[in-house]
Each structure stands twice: as C-alpha cells, then as structure tokens.
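Colleague: Quick paste from Swiss-Prot:
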- 2: N-myristoyl glycine (LIPID)
- 24-59: domain 'EF-hand 1' (DOMAIN)
- 60-95: domain 'EF-hand 2' (DOMAIN)
- 73, 75, 77, 84: Ca(2+) 1 binding site (BINDING)
- 96-131: domain 'EF-hand 3' (DOMAIN)
- 109, 111, 113, 120: Ca(2+) 2 binding site (BINDING)
- 144-179: domain 'EF-hand 4' (DOMAIN)
- 157, 159, 161, 163, 168: Ca(2+) 3 binding site (BINDING)
C-alpha cells in the first residue's frame, strides 16, 4: 500500500478475503474507516491506546492496550498496518473458539516462549483489572488479580509446574467458560 494509505488494490482485497472472515464489502468499509483514523496507514501505540480509552473511560487501559498492540503488530515494526488490524479483528470477532484461544494465548505469553507463567498472567490480569476500574463488580474469590490468577492456575495447570502450555490453556478454557467470556471483550457481536 506504499507510504500513504490509498485505495485497496483488487489483489489486496482478494488476499484479505482469503486471510480473514470478512467479505469484500466489509473489507472496503473497514479500510475506509482505518484510512480516516490513520491517513498514513499506520496505527501507532498512542492511537491504539486512545481507542481503548474511549471504550474504558473509567479505568486505565494503557497497559492492556500495549499488550494487545504487541499481538496485533505481527511484524514488530512498531505500528499496526491495515492488514494486521483486519486479521486480528477477524480472529477476535469471528474466529472459531480455538482461533480465539490461540490469539489469547499469544497475548498472555508475553515473552513468546510457548508458556504462560504465573507472572505473565498476573501482568495481564492486573492490566485488565486496571482497565475496567471500578465499573465491574467481581466476586470475593476473584476481586484481586492474584486471586483470579490463582483460580486460573488451579483449573488449568494440570501438572502443577507453574506454567501453562497451550494444551493446558485450551483444556482449561473448556472447563472454565469464563475464560471464553473474557475473550468476548474483543468481540464485536458479529461472531
């Protein structure tokens, strides 16, 4: 797409149709909005965080937005291109449960070593609690990030090695539907 975000070429639309769950019309509509918000075709961390602040005005979404930004930014060039944006949106809004869980696993596995440690999960859960602020009432057994992480590890960490593999995460998510429900924070309702 060059330096300036221009109209999508037919081959770009076709490629995005193959890589996402969106139709040609939807891709063009999303691109139009993306170009309006990011005329240079690049969504920065600052811009991404502002979007989260609109959705979570009573908390501080900056830490969580940073974690999500890092997953969206597939090629790690410091910004989100339209293609990266649309592919992540496709998975989080229309992907299968397993695709959403793979995406979430990548989000939680902060150092990309193939495991989610207790500290990594605590970082993410703490960021989520900061983001939602006081707007969400949590049950006593989950009213702190530490309690939530302990509960998740009780359910998921089958071999008790203090780290979660993707298989443990997948199986645990099936046992604890609240994991899936948390993923629908990203869901546009079009799944």
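Placement of Cβ uses the backbone N, Cα and C atoms for every residue, glycine included.
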Colleague: In Å, rounded, how far does the Cα of residue 159 (Ca(2+) 3 binding site) sit from the Cα of residue 120 (Ca(2+) 2 binding site)?
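Modeller: So the alpha carbons of residue 159 (Ca(2+) 3 binding site) and residue 120 (Ca(2+) 2 binding site) sit roughly 18 Å from each other.
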Colleague: When DSSP is mapped onto helix/strand/coil, what comes out for residue 168 (Ca(2+) 3 binding site)?
Modeller: helix
Colleague: Indicate whether residue 163 (Ca(2+) 3 binding site) is helix, strand or coil by DSSP.
Modeller: strand
Colleague: Taking only the Cα atoms, work out how far residue 84 (Ca(2+) 1 binding site) lies from residue 111 (Ca(2+) 2 binding site), in Å, as a whole number.
Modeller: 20
Colleague: According to DSSP, how is the domain 'EF-hand 1' (24-59) divided among helix, strand and coil residues?
Modeller: 25 helix, 1 strand, 10 coil
Colleague: I need to check the long-range neighbours of the domain 'EF-hand 2' (60-95): which residues 6 or more away from its ends have a CB within less than 8 Å of a CB in the stretch?
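Modeller: Counting only partners 6 or more residues beyond its ends, the domain 'EF-hand 2' (60-95) has Cβ contacts under 8 Å with 1, 5, 8, 12, 16, 19-22, 27, 30-31, 34-35, 38, 41-45, 48-49, 51-53, 102-103, 106-107, 110, 123-124, 126-128, 130-131, 133, 183, 186-191.
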Colleague: May I ask for the residues of the chain that lie six or more residues beyond the domain 'EF-hand 1' (24-59) and have a Cβ under 8 Å from a Cβ within it?
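Modeller: Residues packing against the domain 'EF-hand 1' (24-59) from afar: 1-5, 8, 13, 16-17, 65-66, 68-69, 72, 78-82, 85-86, 89, 130-135.
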Colleague: Run through the domain 'EF-hand 2' (60-95) and tell me, per DSSP, how many residues are helix, strand and coil.
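Modeller: Taking each residue of the domain 'EF-hand 2' (60-95) in turn, the totals are 24 helix, 1 strand, 11 coil.
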Colleague: Over the span of the domain 'EF-hand 2' (60-95), how high is the average pLDDT in this prediction?
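Modeller: The average pLDDT of the model in the domain 'EF-hand 2' (60-95) works out to 95.
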Colleague: For the C-alpha pair, I'd like the distance in angstrom between residue 168 (Ca(2+) 3 binding site) and residue 75 (Ca(2+) 1 binding site), rounded off.
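Modeller: Cα of residue 168 (Ca(2+) 3 binding site) to Cα of residue 75 (Ca(2+) 1 binding site) measures 27 Å after rounding.
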Colleague: List the other residues in this chain whose Cβ sits within 8 Å of the Cβ centroid of the Ca(2+) 1 site residues 73, 75, 77, 84, in sequence order.
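Modeller: Going along the sequence, the neighbours come out as 72, 74, 76, 78, 79, 80, 81.
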Colleague: Using a 10 angstroms cut-off on Cβ to Cβ distances, just flag whichever of 113, 120, 157, 168 is the loneliest among these binding-site residues.
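Modeller: Fewest other Cβ atoms within 10 Å, among the binding-site residues 113, 120, 157, 168, is found for 113.
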Colleague: By a simple count, how many Cβ atoms lie within 10 Å of the Cβ of residue 73 (Ca(2+) 1 binding site), its own Cβ left out?
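Modeller: I count 19 other Cβ atoms within 10 Å of it.
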